[in-house]
Amino acid sequence: MPQRQHSPYSKSVYKEPAPVHDPENPFESMMERFNLAAELLNLDEGIYNFLKMPAKQVIVSIPIQMDSGEIKVFEGYRVIHDDTLGPSKGGVRYAPDVTLDEVKALAAWMTWKCSILGLPFGGAKGAVKCDPSKLTPTELEKITRRYTASLISIFGPERDIPAPDMNTNEQIMAWIMDTYSMHVEHTETAVVTGKPVILGGSLGRIEATGRGVMISALSAMKKMNISPESAKVVVQGFGNVGSVSAKLLAEQGCKIVGISDISGGYYNPNGIDLEKVREHLKVHHVLSGFPEADSVTNAELLELPCDVLVPAAKEDQITAKNADKLNCKLIVEGANGPTTADADPILNERCIMVVPDILANAGGVTVSYFEWVQDRQGYFWPLDRVNMRLERFMRNAFDTVYETASRYNQPLRIGAYIQAIDKVARTVRLRGIYA
Ligand SMILES: NC(=O)C1=CN([C@@H]2O[C@H](COP(=O)(O)OP(=O)(O)OC[C@H]3O[C@@H](n4cnc5c(N)ncnc54)[C@H](OP(=O)(O)O)[C@@H]3O)[C@@H](O)[C@H]2O)C=CC1
Ligand SMILES: O=C(O)CCC(=O)C(=O)O
């Protein structure tokens with residue numbers, strides 16, 4: 001594999017991160033990269049301490065009456081990492097195994113993401129520890145409304161604005177909007193984004209994260225002289241982000257050779273017909289049994305030969321254990337935190353370019369920003385305007401991160417952290433930190 005010196009994916013001056021306590025703890029993974037960038041920026045110790053601590057961590061108890069009549073209590077979280085650049089922004093995920101450390105990491109990633117994209121937002125994230133596949137629609141609605149009611153003093157269009165993430169969707173955003181509006185006694189659409197279009201949502205928000213993944217993949221492929229028509233792509237995860245990324249990359253001429261969901265991976269070196277996948281999902285709801293591809297495990301999927309790998313499922317998929325087995329040239333992180341910090345130096349050593357999560361998947365929050373702007377203006381844009389502006393934001397962000405990474409002779413991930421932290425730190429200094 002050729003060495004690419006003096007570029008964002010050169011191994012030349014990349015510093016080994018200090019050993020971490022738990023490499024698969026997303027907050028520690030975030031902090032490893034933050035520490036590296038802070039050191040390169042020569043960040044003032046006071047500002048370093050200010051930015052590493054989340055501004056607010058709220059844990060709420062969510063008692064609801066199940067359809068059976070039984071009362072069950074769920075745990076909910078909202079972490080506001082930072083609100084220096086503006087109201088905090090970030091999705092809400094529903095998952096049975098979610099932890100506070102995971103939410104803390106996801107909230108910090110939102111701060112860095114909004115900073116890189118030039119959005120007037122800080123970073124936050126929320127979660128409810130529950131398994132939506134085991135809940136009825138009524139139970140899901142009750143959980144969502146109670147979670148929102150418990151966070152009434154946190155949320156607000158000028159304070160903290162939730163959005164969808166794993167296992168949450170437009171309907172859940174509609175319930176959040178309605179519950180908030182009931183409490184403040186007027187309809188407040190701008191309190192949440194990712195809503196149905198009929199309730200003040202933005203055209204293009206559902207596809208926005210996958211569209212941003214596609215745009216950043218094409219930008220990176222151009223730097224690497226990989227043409228879309230010659231590119232073989234593997235996508236892990238076939239939810240909102242994965243399925244849209246696959247569809248839009250296929251529309252650009254790429255051949256999608258591998259896909260997966262929780263049921264496993266599916267591989268066809270001649271290309272997977274995504275229309276047939278869509279028809280299969282309509283009937284079966286999971287990829288399991290898809291006849292036109294060979295079945296592989298999720299672990300094998302990540303190691304399939306391809307040009308571009310798009311992890312778009314969850315955290316900690318590419319680790320020190322499998323980074324040396326990957327068979328791709330480029331990774332575009334659709335998911336948040338799919339790569340652990342201890343895998344970074346291995347990928348860098350192997351000259352695999354990584355477009356990091358805080359850049360690659362920022363299309364979602366960018367169109368959420370457009371939605372918030374439209375709601376506040378009460379004036380809605382056509383789809384082509386949303387997509388054109390998204391493309392401009394994503395391309396600019398890619399170019400500036402690439403330039404920063406090149407200037408510091410670091411991989412794109414560290415370039416992205418440097419750029420993000422520098423902007424927030426400079427804003428903190430200008431605003432001052434006195435009570
Ligand atoms: N939605 C958004 O706008 C944004 C999402 N992201 C991030 O993208 C990632 C995916 O989110 P999103 O698409 O919204 O979530 P979804 O819930 O829509 O989809 C998640 C997908 O991942 C699959 N999956 C879950 N676990 C595994 C596993 N162990 N191996 C393989 N596949 C798995 C799920 O399978 P199954 O359906 O069978 O359970 C599903 O296909 C998350 O990291 C999220 O934080 C980032 C930015 C914005
Ligand atoms: O759209 C948003 O506001 C946030 C999306 C999100 O949660 C993310 O980018 O991880």
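Quick reminder: no glycine exception, Cβ is built from N, Cα and C everywhere.
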Quick one: which of Ser295, Ser368 does TrEMBL put in the substrate site with Lys89, Lys113?
-> Ser368
Which binding-site residues (Lys113, Asn240, Ser368) fall within 10 Å of Asp165 (site 'Important for catalysis') by Cα distance?
-> Asn240
CA pair Thr209 (NAD(+) binding site) / Lys89 (substrate binding site), Å rounded to integer, equals 15
If one looks at the chain holding Lys125 (active site, proton donor), which residues at least 6 apart in sequence have a CB under 8 angstroms from its CB?
-> Arg78, Val79, His81, Gly90, Gly91, Val92, Arg93, Val103, Leu106, Ala107, Trp109, Met110, Asp165
When the Cα of Asn240 (NAD(+) binding site) is compared with the Cα of each of the binding-site residues Lys89, Lys113, Ser368, which one is closest?
-> Ser368
